[in-house]
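A.B. asks: Take a look at the following structure, please.
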C-alpha cells in the first residue's frame, strides 16, 4: 500500500490550483450507483446491497479457490490412476497365477522326468551290462584258452628242457665214467702183472741172498742156541698178488643200469596235461553255456513314480504378495488422499485471509483513488484486479532508473503473472506433482517385486528338491540292482576263475611232486641227486613258483564292479541352472523375455505401464512449464528491447503518451491539489521550477508566485509529482511542449523548456517520459536557470 500511495501522490503533483478553475460538470454531490455510500472516502457498509461481491460473499467461495480446486484435480487424477493400477494389479495377479500354474505344470513334468527317463536309462543300462558281460565272458573264454595253452607250453618247455639237460648231463657223464672204469681196470690188470713179476724176481733174489747170509752166520751160536735161522719164502704172496684181476664190467654195471634207467618224463607230462586241462575245459564249458543264454533283465531296475507338485495350489505366497501389494497401495492412497485433502482444506485458510486482506485493500484503494481523482483507468483496473502482482511490480520498478524502465519492469511482472500464463504454470506444476505421487506408488510396487522373485526362487527349489528326491530314490534302487549283478558275476563267473587258478596251482604242485618223485627214484642215493635237484629247482621250481604267484594275483583281483549311478543323475542340470544368472539356462525362465520368469514379469508389466504413463504425463506437464517459461522469456526479450531501444517521437510515427491534464474532458477528475495551496493565496498562478532531465532543463508549473522554499505537505516532506512532456490539452487548444527562451513563464499551460533544441531532445529522448521532482522555490522573484529541485526520474 505504501508503494500505491506513493504512486498516487506522484499523480497528484501534476495538479495545482488551476484545477479549481476547471471544475468538473458535477459537484461533490454527484450521482452514485445503487447501494453506494454517500461518503466518498469510505467503503460501502455491509448492510447495503451492492452489485459486486462483499466480504461475506467472497468468504463463502473460499472453498472453491484455485489451490483447493487444483488439489482436488490432483486427487481425482490419483484416484483414476490408482483405479487403473488396481485393475492392472488384478490382471497381473491373474497372469501370475496362470504363470504359476504353468510353472507348476512344468515343475511337475520336470519332477516326473525320472519316471520317463528311467525307462530309457534302465534299458540302456541293461543293454550295457548285457554287452559288457557277454564281452567279458568272450574275453574270459579266450583268456582261459590262452592261459591253458601258455601253462601247458611252459610246462612242456620246462619238462622238455629239463629232460634234455638231464639226458645230456647224466648220459654223457655215465658214458665217461664207464669208459674210464674200463680203462682203469685194464690198466690196473696190466700194471699188477708187471708189478708182481718184477716183485717175484726181486724177492727171489732177495730171499736167496738173505737165506745164504743167514746160513753163513750162526745166529744161534751167537745167542747160545743151536737153532738154525728161518728161511724167507714170499712166492705164495706174490702169486696171490699176481692172481688179482680187475673186471670193468662189474665196476660199471650200476652206471650202465643207471644210464639205461634215465626217465623221459612222458608220464609226468601226460599226467600234468590231463590235470591242467580239466579245470580249464570245465570253466570254458560253463562260460560258453552262460554266454549263449545271458541277457540282463531291465525290469529289475526301479521306475520312479510320477510327481505332481502343488507349490502353487498349497502355497498362498503369490496370493499373499498381491494382497499385501494392494494393501500397501491402499495405505499409500489413503495417506496421499488424507494429505491432499488436508492441504486442500488448509488452502482455504490463507485464501480466506487473502480475501479479507484483499477486501480491505480494495476498500483502501477505492478511497484513495476517489480522494485523488486518479484518471488512469487501465492502471486502476489492473491494480484492483491483480493487487499482489501489481504491488510486486511497483516494488520492483523502484530498482530501475527512468520512467520507461520502471513502466517496462511493471509490464514484465504483469506479463509473467497474467492469468493465462499462471494457468499454464499451475497446470504444469500440478501435473508434475501428480507424476511425483504416481512415482512414489511406482517405487512402492518395485520395492515389493524382490519378495515375489524370492518366492519364485523357492518354487524352483521345490522343483529341484522333488527332482533330486526322485533321482536319489531311482539311483539307490538302480545301484542295488547293479551291486547284485556284480555279486552274481563275481560269484558265478569269476568264481570259476578262482577255482581254475586254485586247480592250476594244485596241478603245478602235483607236477612238482611228480618230478621230484621221478628224480628221487632215478637219482636217489647217487652223487648226482643234489646237482640234479639244484638244476630242477633252478629250471622248473622257480618258474612254477612264478606261475603260481601270478595265478594267485589273478585269483585275488578277478572280480567285476560296474559303475553306479550318481544320486543327482536327473537333477544335476536343474540344480546347476539355478546358480546360473543367464535366462537361457534357467529351466523356469522364458527365453523370449529378458525378465527372470513369467511370474515376476506379470508384476513388472504393471510397473512398466505405470512408468510409461508417468513419463507421458511428466513430458506433458514439463511441456506446459516450458511453455510458461517461453512466455516469460518472450516478455523478457520485449522488456530488454524496450529498455535498450529509443522511442519514436510523434513526428517519427510514434504515439504520444496519454496526458494527465484532461482539461478538455470535464467528466474526468483531475489530480487537483485540494487543501495545500502554494503562494500568497489559494488562487495564485503556477510557479516555475527548474528540473534536470535529458541533459537539459524542463520547467513545470507548481504553486504560485512567492512560494516559500520546501513548502510543507501536511507537515511532511514534499511529495514527488509527475508531469507529462507531451502536448498539453487546455481550453485554448493543444500545445506541444512550450519553449520560453528566458524570464518567467507566466502561463498555466504545462511544462516548458528554454529553447527548441531542448524540446526536440526531450521529444526524441522518450515520448512517454514523465518527469518528477519535489517542490521548487523562487529566489528574489525569479527562478534560477539550473539546480532547482531534484533530478527527475522515470516512473
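Glycine is treated like the rest: Cβ placed from N, Cα and C.
Not my notes, these are from Swiss-Prot:
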| type | residues | note |
| --- | --- | --- |
| COMPBIAS | 13-24 | compositional bias 'Polar residues' |
| COMPBIAS | 752-762 | compositional bias 'Basic and acidic residues' |
| CARBOHYD | 189 | N-linked glycosylation site |
| CARBOHYD | 259 | N-linked glycosylation site |
| CARBOHYD | 270 | N-linked glycosylation site |
| CARBOHYD | 288 | N-linked glycosylation site |
| CARBOHYD | 469 | N-linked glycosylation site |
| CARBOHYD | 483 | N-linked glycosylation site |
| CARBOHYD | 498 | N-linked glycosylation site |
| CARBOHYD | 505 | N-linked glycosylation site |
| CARBOHYD | 520 | N-linked glycosylation site |
| CARBOHYD | 580 | N-linked glycosylation site |
| REGION | 11-37 | region 'Disordered' |
| REGION | 736-795 | region 'Disordered' |
| TOPO_DOM | 1-66 | topological domain 'Extracellular' |
| TOPO_DOM | 88-149 | topological domain 'Cytoplasmic' |
| TOPO_DOM | 171-330 | topological domain 'Extracellular' |
| TOPO_DOM | 352-421 | topological domain 'Cytoplasmic' |
| TOPO_DOM | 443-616 | topological domain 'Extracellular' |
| TOPO_DOM | 638-795 | topological domain 'Cytoplasmic' |
| TRANSMEM | 67-87 | transmembrane segment |
| TRANSMEM | 150-170 | transmembrane segment |
| TRANSMEM | 331-351 | transmembrane segment |
| TRANSMEM | 422-442 | transmembrane segment |
| TRANSMEM | 617-637 | transmembrane segment |
A.B. asks: Which one is closest to residue 483 (N-linked glycosylation site) in space, judged by CA to CA distance, out of the glycosylation sites 189, 270, 288, 520?
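C.D. replies: Nearest candidate: 288.
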A.B. asks: What is the nearest of the glycosylation sites 189, 270, 469, 520 to residue 288 (N-linked glycosylation site), using the Cα of each?
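C.D. replies: Sorting the glycosylation sites by distance from residue 288 (N-linked glycosylation site), the top entry is 270.
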A.B. asks: Roughly where does the topological domain 'Extracellular' (171-330) sit in mean pLDDT, to the nearest integer?
C.D. replies: 70
A.B. asks: Going by Cα-Cα distance, which of the glycosylation sites (189, 469, 520) sits nearest to residue 270 (N-linked glycosylation site)?
C.D. replies: 520
A.B. asks: Round to a whole number and give the Cα-to-Cα distance in Å for the pair residue 469 (N-linked glycosylation site) and residue 189 (N-linked glycosylation site).
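C.D. replies: Residue 189 (N-linked glycosylation site) has its Cα 107 Å from the Cα of residue 469 (N-linked glycosylation site).
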A.B. asks: Count, for each of the glycosylation sites 469, 483, the other C-beta atoms lying within 10 angstroms of its own C-beta, and report the residue with the smallest count.
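C.D. replies: Least crowded of the glycosylation sites 469, 483, by Cβ count within 10 Å, is 483.
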A.B. asks: Taking the glycosylation sites one at a time (270, 520), which has its Cβ surrounded by the most other Cβ atoms within 10 Å?
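C.D. replies: Result for the most crowded candidate: 520.
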A.B. asks: Relative to the Cβ position of residue 288 (N-linked glycosylation site), how many further Cβ atoms are located within 10 Å?
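C.D. replies: Cβ-Cβ neighbours of residue 288 (N-linked glycosylation site) within 10 Å number 12.
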A.B. asks: To the nearest Å, how far is the Cα of residue 520 (N-linked glycosylation site) from the Cα of residue 189 (N-linked glycosylation site)?
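C.D. replies: For residue 520 (N-linked glycosylation site) versus residue 189 (N-linked glycosylation site), the Cα atoms are 36 Å apart.
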A.B. asks: With every protein chain in view, what's the tally of Cβ atoms within 10 Å of the Cβ of residue 189 (N-linked glycosylation site), excluding that atom itself?
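C.D. replies: If we count other Cβ atoms within 10 Å of residue 189 (N-linked glycosylation site), we arrive at 15.
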